[in-house]
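According to TrEMBL, the active site, proton donor annotation covers Lys76. According to TrEMBL, the feature substrate binding site maps to Asp26, Lys47, 74-83, Thr138, Arg200, Gln209, 229-230. Here TrEMBL flags 20-245 as domain 'Orotidine 5'-phosphate decarboxylase'.
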Amino acid sequence: MADAERTTTAMEPTLDPAEWIILALDRGDAEAALALVAAVPELRWVKVGLELFTAAGPAVVRELRRRGLRVFLDLKFHDIPATMAGACRSAARLGAELITVHACAGSEALAAAQAAAEEGAAEEGLGAPTLLAVTVLTSWDPDRFHRELAIEPPLETYAGQLAALAAAAGLNGAVCSPLEVARLRAALPRPFALVTPGIRPAGSDTADQRRVMTPAEAVAAGASRLVIGRPISGAADPAAAFAACCAELG
Ligand code: C5P
């Protein structure tokens, strides 16, 4: 899409179902990721995570953008304020429209990251990206979480506190489990973005995801966009699987 079309409200609800879905490119090399993208011509959004970025670097993000795709750069930055700011500036200059940062880096780091992302995008003539706060990784088991990290509040309360901290620091979104969407949405109304993985179309294999919702359920609960990986990337016909997800949302 043309840069001129980008806005600071990348997360506004849209009537086009294809805009809701972000395909997770969990691939270890650029060739495989680009082949997957080519197999789904209607795709609008992709997620580049640690595996692909570590293997293929900024070049794969540039290539995805050259192909007209919008990029969610999911590198979950967590560092001191100056380093968070520098990383978010670089990600924004690269053209990423969604960027993850760990909320537990604290308000000073989050505010610095937000300001730097806005500046970096502006330096390139791009709209400001949306920084998404990661609260508590859904892979944590609540008991182990308390035992190993010695954090007292219930995990859900702690996650809610971190989301509120991120919003107060000026961030415009968070990543959360589909089962947390309704509760967080009540506290953080739109246009605050809630992006959720853990999506499984009705009847599909849940694989290692435990707490899933269908695309339609997650949107109804208040999700802004949905990250979907294996139900599309692992399908015999990824374009048909993507179309089925869109049909569910249409
Ligand atoms: O294949 P699947 O649909 O499970 O992929 C979901 C994507 O979202 C993967 O890239 C995974 O790393 C990511 N993710 C997740 N759960 C979280 C955070 C991120 O599944 N809590």
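Each residue, glycine too, has its Cβ placed from N, Cα and C.
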Measuring Cβ to any atom of ligand 1 with a strict under-6 Å cutoff, which of the recorded positions Lys76, His78, Pro81 qualify?
none
Neighbour tally for Pro81 (substrate binding site), based on other Cβ positions within 10 Å of its Cβ:
17
Is it possible to get the count of other C-beta atoms within 10 angstroms of the C-beta of His78 (substrate binding site)?
17
Let me know the DSSP-derived helix, strand or coil state of the residue listed as 'active site, proton donor', please.
strand
Close binding-site residues near the residue listed as 'active site, proton donor', where close means Cα within 10 Å, chosen from Asp26, Thr138, Gly229:
none
Please list residues from the chain of Leu75 (substrate binding site) whose Cβ is under 8 angstroms from its Cβ, counting only those at least six apart in sequence.
Gly49, Leu50, Phe53, Ala87, Ala91, Ile99, Thr100
